[in-house]
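J.: One structure is given below, represented as structure tokens, and several questions about it will come after.
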Ligand SMILES: Cc1ncc(COP(=O)(O)O)c(C=O)c1O
């Protein structure tokens, strides 16, 4: 646990002690440790945590405690953060477009061996900045078709076609580099079958190129549970990966990787916000789409929320509310409806759960608002208590 960390037994104690008028990230290290251990136990290969998803040290420390030693890093600062914090960690440079300086530093200073490429010019860059590819594994990122129900399809920006991937593998080999193949089915992928069909593409590329890769990386995309979204259990995704691997009959020398972000951290952090004003069924809160809740503008998922009040009890009846962010920008409106007791009032707190992925990592400083307070909480998060009902039970902290 981080030095100077404030630790609370439950969310009620956070509210009682801090009475925060600013947003507070509540990190549940036990949940993160559990998530990491479960993933590592189930996945048939190395689990690379996608640092971009949540690079906060408290999150990284919990994942490390849970056994994560491999990290998907997509920038030089991420590589430095991991390599300098954890001596026994392995970092992989998984961004398909890198500056020459970043490649050179990653190679020379941090000894990084794996680099993703999806274009012939990037491969050339890699060759030129790394002593002609000595000890380098060029991991070819393939594009995959959009899977049913995937919330973020990442192939729009990155990824080589099957034919381009074959050409890249051959060229890298010719240049004297080791090779690998990677893909990303898209974030919050609701269809486990996407991993099997993407691995079949990998199989076709390997056969066509006539090259045995050093590694095959099935990427991230493993989903988290949200208030309105119940994905199949992780076991089904792992089965789908195993089935894909079985179909393409990789030699046992080939290392298998995955790069989960969301599935490891979403459930491990909640966000405590305060109601600054109520206007009918609109709640003006102290965080919004320029802060921790930006991801909600680009997706349909809704995090569960519950009311936290210091004293006096709360109504048993629920209604839906809209939430308005703190900035002066009129588009700073949190999409979707939140089910909370009918008597929400100014000064109440709301705990928004499942906020560990792509929240603090992408928050801006717009309008002077920047969520940056982190505490550790040892109770069960809201989602653990959510049923199909209209809202999570409220908490009275008196
Ligand atoms: C290359 C790569 N790997 C892994 C991830 C993590 O994805 P997820 O959080 O969906 O597991 C991302 C997310 O953008 C990514 O771009």
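From the backbone N, Cα and C atoms, a Cβ is placed for every residue, glycine too.
Pasting the feature list from TrEMBL:
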ACT_SITE  328  active site, proton donor
DOMAIN    33-266  domain 'Orn/DAP/Arg decarboxylase 2 N-terminal'
DOMAIN    269-356  domain 'Orn/DAP/Arg decarboxylase 2 C-terminal'
MOD_RES   52  N6-(pyridoxal phosphate)lysine
J.: Measuring Cα to Cα, how many angstrom lie between the residue listed as 'N6-(pyridoxal phosphate)lysine' and residue 328 (active site, proton donor)?
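T.: That comes out at 28 Å between the alpha carbons.
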J.: Three-state secondary structure of residue 52 (N6-(pyridoxal phosphate)lysine) from DSSP?
T.: helix
J.: Starting from the Cβ of the residue listed as 'active site, proton donor', draw a 10 Å sphere and report how many other Cβ atoms land inside it.
T.: 8
J.: Would you list the DSSP helix, strand and coil counts for the residues of the domain 'Orn/DAP/Arg decarboxylase 2 C-terminal' (269-356)?
T.: 5 helix, 40 strand, 43 coil
J.: So for residue 52 (N6-(pyridoxal phosphate)lysine), how many other CB atoms are inside 10 Å of its CB?
T.: 20
